[in-house]
Structure formats: structure tokens, C-alpha cells
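Colleague: Sharing the feature lines straight out of TrEMBL:
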- 90-326: domain 'G-protein coupled receptors family 1 profile' (DOMAIN)
- 76-101: transmembrane segment (TRANSMEM)
- 108-134: transmembrane segment (TRANSMEM)
- 140-163: transmembrane segment (TRANSMEM)
- 184-208: transmembrane segment (TRANSMEM)
- 228-254: transmembrane segment (TRANSMEM)
- 275-294: transmembrane segment (TRANSMEM)
- 306-328: transmembrane segment (TRANSMEM)
């Protein structure tokens, strides 16, 4: 009976070598079966770390199923892509109104158009970064997306600085402002701004990147740590200059209000509103860009990526609010929007005097 049982077991295909010293070889099993089955197939999220196998990659501490070959889409990347789409739509509208309204050709509107184009490019850069991350692979496309974002955001910051300088000159040289600030001079300023930003944008493609040495990466790969610090310091200098100019604007506005006693009440109210507007502009600019600039200085690629996403998303929000601050609040642009959308202008806008000074932007 024992011999017949042994013969039956042998004919059933059970391996003969079943000594205690033998090791289990997963390759001997059916290749379509998982040699390490999930011990809790019906309880997703159960912490089964005791059954984890060394050398295998899992989704998280609470999910020990192996990662698939398909790359998971990060919700942060989706948020940046959606923000980029909103930025592109807003600034496309501003550019369209400026382009199809012949009366909006003053120097201040040229600066607003340059700012809108920079923010539009930033929005497209965020969209392209999402596409290149999940749909197209390669170092070249990574460098292209990085260069577009660096050039666009640098141009956005420098155009905001140019608008600030224009506001200051419109108050400091109120009598000669319109004769000194010609359209040609404004175009030259815009050209210099974009030339500087294009140079900054092509630097990663010229070798200023960390693709060959990952240890030198900053919080924004493939920008190196030293380059990120240089760009952050550049931003801090621009912000300090903007604060100084806005302080001078406030002093000049208050001095003008004190010199004209007849319109004291009117000018006091107008000056108070102007100071509040300048405060909103500075606070919005600082809240959006200061966290990212300071984080680039103190952090490196070893820091948690969630901090990078948070600060970058805040910085991108500045391009969302720029059209609201510098374009949509302007009465002339509001008239253009109403004419483009519904073919008419509200009475409260048609009765306003046309804004010709930069301080009204």
C-alpha cells in the first residue's frame, strides 16, 4: 500500500527533491501566476508589510502591490497643467483686445501686452511640461520645456518691473512724461527684456544643467543648484527695486495731494485708493514668488518634491492674477472687452475719461 501510494504520487508530477535544504524557486511555477500572491486580496490598504518581498517595488506602505509599467499621473502635475491652461486663456484674451483695438497703442499698453505675452508663454510652458513628462520622453524635450518656463517667468517679472518704472516716471515727470516716453523707446525696452530672458532660457540647453550629475540638481530638475540660486537672487533684487519704486510713488502721490488744497478731499480719497492698489500689487507679487525664491536658495533635490510643487504652483498663480491687476482693471481695456464680447459699452464706462497715464494701469 505504501509502495502504491508512492507510485501514485510520483506519477502525479510532484517534485522528487523535497528535502529541507532545498530552496523554493518561483521560476518553477507557472509563469502566468504571481509567485508572491497578495495575502489580503479582498482587503485593499491592509498593512501587510510582513509579507513584503525584498527587492520589489510597491505603490506605498499601505499598498504592497507592485507598480505597473504605466506611469501614474501626479495630481500636482494636473494642477499645474490646469493652471497653465487658465493662464493661457486669460492672456490670450488680453493680447487679442490690445491687438484689435487701434487706440491702445500707448507705451503703457505695449508693456501690458509684453507682460501678457510672457504670461501666455508661461502657461504654454506649463502645458508642454505636462505633455513632455507623460507623453514624450527624452532629455531634449526636458531642456526645451525648462528653457521656455525660465524665459517666460523671467520676462513676466521684468515686465512687471518695467511697468513699475513706467508708473514712477509718469508721476515723477508728469509734465514731460508724454513727450519723453515715446513708443519707439518702449519697444526698445521690451526688446532688451526679451533678449535677456531668451539668453536665460537657452542656458540649460547650452550645458547649464544637471543631467550628467544628478547630485548638483536643484529643486527644479534639470536646473543646477547654483543656477537656481542665481535666479532666486535675481528675483530678490527685482523685488527690492520694486518696493523702493512703489515707496517713492506713494511719497510723490501724497506730496501732490498736499500741494493742491482745493481738491484736497478728492485727492486724499484717490491717493488712499492708489496706495491700497499698490499694496495689493506688492503683496500678491511677494506671496507668489518669495516662497519659491527662498526655497530655491535653501533646498536641493533631496528635499520632498511636494514642497517644490507647492512653491511652483504659487509662483504660477502670479501669472493668473497679472491680467486682473494690470489689464482687466483698466477702463480702456474693459471697453475693448465689452465691444468684443457683446458689441456695446456700459454707460458707466463710456462716461469715464480715457486713461492715458501709467498710474491708471
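Using the three backbone atoms N, Cα and C, a Cβ is placed for every residue, glycine included.
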Colleague: If you count every Cβ pair below 8 Å, which range out of 76-101, 108-134, 140-163, 184-208, 275-294 shares the most with the transmembrane segment (228-254)?
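Modeller: Per the Cβ under 8 Å count, 275-294.
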Colleague: Using Cβ atoms and a strict cutoff of less than 8 Å, what residues sit near the transmembrane segment (76-101) while being 6 or more residues removed from its termini?
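Modeller: Distant contacts of the transmembrane segment (76-101): 109, 112-113, 116-117, 119-120, 122-127, 129-130, 133-134, 306, 309, 312-313, 316-317, 319-320, 322-323, 327-328, 332-333, 336-337, 340.
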Colleague: Let me spell it out: take the transmembrane segment (108-134), skip the flanking residues so only those 6+ beyond its ends count, and list any with a Cβ under 8 Å from a Cβ in it.
Modeller: 71, 73, 77-78, 80-81, 83-92, 94-95, 98-99, 141-142, 144-145, 148-149, 151-153, 155-156, 159-160, 162-163, 166, 183, 186-187, 189-190, 193-194, 197, 316, 319, 322-323, 326-327, 330, 332-333, 357-358, 361
Colleague: Can you give me the average pLDDT across the domain 'G-protein coupled receptors family 1 profile' (90-326), rounded to a whole number?
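Modeller: Mean pLDDT across the domain 'G-protein coupled receptors family 1 profile' (90-326) comes out at 87.
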Colleague: In terms of Cβ proximity under 8 Å, which residues at least six beyond the ends of the transmembrane segment (306-328) contact it?
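Modeller: Those are 74, 76, 79-80, 83-84, 86-87, 90-91, 93-94, 97, 112, 115-116, 119, 122-123, 126, 153, 156, 160, 163, 219-220, 280-281, 284-285, 287-289, 291-292, 295, 299, 334, 337, 361, in sequence order.
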